Amino acid sequence: MVTDMDVDMTGEDESKGGMWALDQKIDQPMDEEAGRLKNMYREKKFSAILLLQLAFQSLGVVYGDLGTSPLYVFYNTFPDKITDTEDIVGALSLIIYSLTLVPLIKYVFIVCRANDNGQGGTFALYSLLCRHAKVNTIPNQHKTDEELTTYSRSTIHEKSFAAKTRRWLEGDVFKKNALLLLVLVGTCMAIGDGILTPAISVLSASGGIKIDNPGMSNDVVVVVAVVILVGLFSLQHYGVDKVGWLFAPIVLLWFLLIGGIGIFNIWKYDSGVLRAFSPVYIFRYFRRRGKNGWTSLGGIMLSITGTEALFADLAHFPVLAIQLAFTIVVFPCLLLAYSGQAAYLMYNKDHVSDAFYRSIPDGIYWPMFIIATLAAIVASQATISATFSIIKQANALGCFPRVKVIHTSSKFLGQIYIPDINWILMVLCIVVTAGFKKQSQIGNAYGTAVVVVMLATTFLMILIMLLVWRCHWILVFIFAALSLIIECTYFSAVLFKVDQGGWVPLVIAAVFLFIMYIWHYGTLKRYEFEMHSKISMTWILGLGPSLGLVRVPGIGLVYTELASGVPHIFSHFITNLPAIHSVVVFVCVKYLPVYTVPEDERFLVKRIGPKNFHMFRCVARYGYKDLHKKDDDFEKKLFDNLFMFVRLESMMEGGSDSDDYSLSGPQTRSRDFLLPDNTNNTFSSVVDLTISSCDSITPAKSPLNVINSGASSGQVSSQREVDEMEFLTGCRDAGVVHIMGNTVVRARRDSAFYKKLSIDYVYAFLRKICREHSVIFNVPHESLLNVGQVFYV
């Protein structure tokens, strides 16, 4: 059943007066429910054997992209020809120090430490900032959320530099929107990276078949690359866990082979290239080549591509495993591989277009070709996995339409597969591969995407160091200066190649940015509508226990985005229908900027109004790691927490003396109930109980009278508990109806054309194709009731 109404949200709430104050007393925020609701949750510790196993497995998921860069770096650095062998040494020196400063120092040992309890990527950094400053553009955070054990927010001294930075960020809406836009741009470029990495890696590896067949058409290479890409994306539904074990041995063999070939080439051709470890050759390189040397940085930058995927893929593996794999295997093997290619080019300058394959000894050429092709497939896997992680985080923060997320591993919840995104990536990847056909143009596009992601990460890291880590401003300045000098230098170089393929990631990012911004704008307006149109509890209480209707057996779960107040759909419901359920529960499903919410802290329950109204509120909280994993037991968990609340409420009443109630007649009060915590012998606040009392003034009692009164009160309370539990059980058996608001957002008639296009068509289309909450929470279709609402922005 769907009903409709039109709402024009033009004004603010009614002026705050006495009625507002009374309403706040009746329906208070859930401060006490979450006050000390703690558990002993700890991040899982890994044994040494499991850590080495995960480090080995991370090679197949995280480092494939970074590891296959030797396939195309020297060709993109010298796309024409090499005129001076000293240029080779200068380019090698740039590669060495780029690998040392960016992947090793910046990412592996600094940026990876900024993970959100194991989650990486630009949105993980943004969620950390949202917990330490009020920069979330959707203002649904509350003090109760800070009591979560996984919230991990540190206190900031009000006079510290961190506090000044926080006040500066929270100062106006423009800064919050600018921060969100920075995150969205970095995310969209990372998605573009997930399209370009498979294209350039597989195409470069497939080009090896032309070495022994120079007359072969390039179209054959493209067809081979497309076939490989289709097979790769078709395997994604098996999951990272299975794919990682399949690919990790291949990547380990790849690194050992390119390192070994590098040693062989250094020994055979020219060990003098090792002088490139001196940074003086970088200065000589730029002095000798001038502008050409500057623009060649676009090719040098490809040596560090895949670093951004390293951080985004933290959701799959612990930080220590990734650090071990990089420092022990990846970094030394890459240095040897690039040095070996440089040594070969010192005597074979004309072979720069296919330096990697030409430098392979003849006896192992074809086995190496097979390993290179498989390694290129792994490189693609790294960015595909990173894209899945980023999209899931964007979902949680209201910046991307809800899509189906499949958890492919019961052991590691971070390992996911998103079917819709997978097929979109495959189609776009094939279009790029078949459209460009040349790896040089794809390389130009690739470099543009990667450097923008790195710049976005740097700006977010500056804020993380100030607000979260509270580093001294000198350390922050050193980090920012070194990072921005390197990355802005690379960015200026790739700008020269925008017309040579660099426009591709800009177009892809623009499309995804438009989608994400429109979705976030619509989500924000829907939340603002809920906030402005919520109805007063005093109006509800004025209707009486029957709410002015016939109360029929059953339980109505009214879903809302509000953690306090009564949603407008409820008033529309009771004014248009003649009956309402005997028990009404307002359910708020809330997504927080944390990676997960432990199961025993997920639900907060409280009573709204007097007992005879039979109205409750339940807030279900999720983190972005929990998001969109289908919760088949959602309804059962909700009722378990509701029944627990009733029992605890009754126990508290039974232990209360009548003097604790109002002496002047009926009054609503909030009380805490404490339960013993078996883990640390302390007490945990479980619920905030709302109790209605009509006790009259009583004389002072003797201790004996107090005991007798307490015993009598306990017996009455126990009977009340049994009666209400039986009542709730009977209502649940009679039937449960899930009442959900179907809010439609439309542009005003006098809105500009672009706004009508964005809201009435783009946002409406995204709402139509996105996944519904009823599917996520496994709501039976026959138990679902949609209440339509239309409002204009």
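If you go along the chain as it appears here, the first residue is 1 and each next one adds 1.
Backbone N, Cα and C define each Cβ position, glycine as well.
Annotations in TrEMBL come from automatic prediction, not curation.
Residues 103, 197, 201, 204-205, 240, 243-252, 254-255, 258, 304-307, 309-310, 313, 316-318, 320-322, 324-326, 328-330, 333-334, 372, 375-383, 385 of the same chain lie 6+ residues outside the transmembrane segment (46-68) yet bring a C-beta within less than 8 angstroms of a C-beta in it. Taken from TrEMBL, the feature transmembrane segment applies to 46-68 (among others).
What TrEMBL lists as domain 'K+ potassium transporter integral membrane' is 54-540.
Long-range contacts of the transmembrane segment (88-109) within the same chain: residues 66, 73-74, 77-78, 82, 273, 275-279, 281-282, 284-286, 288-289, 293, 296-297, 300-301, 303-304, 307, 310-311, 322-323, 326-327, 331, 334-335, 338-339, 342, 345-346, 349, 454, 482-483, 486, each at least 6 residues beyond the stretch ends and with a Cβ under 8 Å from a Cβ of the stretch. Annotated transmembrane segment per TrEMBL: 88-109 (among others), in sequence order.
A Cβ distance under 8 Å defines the sequence-distant neighbours of the transmembrane segment (178-200), meaning residues of its chain 6+ beyond its ends; these are 65, 72, 121-123, 125-126, 129, 135, 137, 169, 225, 229, 232, 305-306, 308-309, 312, 379-380, 382-384, 386-387, 390-391, 394, 399, 425, 428-429, 432-433, 436, 439, 442-443, 445-446, 449-450, 452-453, 455-457, 459-460, 463, 504-505, 508-510, 512-513, 516-517, 520. According to TrEMBL, the feature transmembrane segment maps to 178-200 (among others).
Here TrEMBL flags 220-238 (among others) as transmembrane segment. For the transmembrane segment (220-238), the list of distant contacts is 198-199, 202-203, 206-207, 209-210, 373, 376-377, 380-381, 384, 406, 408, 417, 419, 422-423, 425-426, 429-430, 433-434, 437: same-chain residues at least six beyond its ends, Cβ to Cβ under 8 Å.
Taken from TrEMBL, the feature transmembrane segment covers 324-344 (among others). Long-range contacts of the transmembrane segment (324-344) within the same chain: residues 51-52, 55-56, 58-59, 62-63, 66-67, 69-70, 73-74, 88-89, 91-92, 95-96, 99, 103-104, 108, 252, 255-256, 258-266, 268-271, 273-274, 276, 303, 310, 351, 355-356, 358-359, each at least 6 residues beyond the stretch ends and with a Cβ under 8 Å from a Cβ of the stretch.
For 364-391 (among others), the entry in TrEMBL reads transmembrane segment.
Annotation source TrEMBL lists transmembrane segment at 412-434 (among others).
Look at TrEMBL and you will find 446-467 (among others) tagged as transmembrane segment. Only residues 6 or more beyond the boundaries of the transmembrane segment (446-467), in the same chain, are considered here, and those with a CB under 8 A from a CB of the stretch are 102, 110-111, 114, 122, 125-126, 128-129, 132-133, 156, 161-162, 165-166, 169, 179, 182-183, 185-186, 189-190, 192-193, 196-197, 200, 298-299, 301-302, 304-305, 307-308, 311, 473, 475-476, 479-480, 483-484, 487-488, 490-491, 494, 497-498, 502, 504-506, 509.
Under the heading transmembrane segment, TrEMBL lists 474-496 (among others).
Positions annotated as transmembrane segment by TrEMBL: 502-519 (among others).
Residues or ranges marked as transmembrane segment by TrEMBL: 539-559 (among others).
Residues or ranges marked as domain 'K+ potassium transporter C-terminal' in TrEMBL: 553-790.
Tertiary neighbourhood of the transmembrane segment (579-597): same-chain residues 116-119, 124, 126-128, 130-131, 136, 140-141, 145, 148, 150-152, 396-398, 413, 547, 549-563, 566-567, 570, 573, 608, 614-627, 638, 642, 727-728, 731, 734, 737, 773, 777, selected by CB-CB distance under 8 Å and a gap of 6+ residues from either end. Among the features that TrEMBL reports, transmembrane segment is placed at 579-597 (among others).
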Close approaches to the transmembrane segment (502-519) from elsewhere in its chain (Cβ under 8 angstroms; 6 or more beyond its ends): 181, 184-185, 187-189, 191-193, 195-196, 394, 398-401, 428, 432, 442, 444-449, 452, 494-495, 758-759, 762-763, 766
Other parts of the chain folded back onto the transmembrane segment (474-496), taken as Cβ under 8 Å at six or more residues beyond its ends: 98, 101-102, 106, 110, 294-298, 300-301, 444, 447-448, 451-452, 454-455, 458, 461-462, 465-466, 502
Predicted model, mean pLDDT over the domain 'K+ potassium transporter C-terminal' (553-790): 68
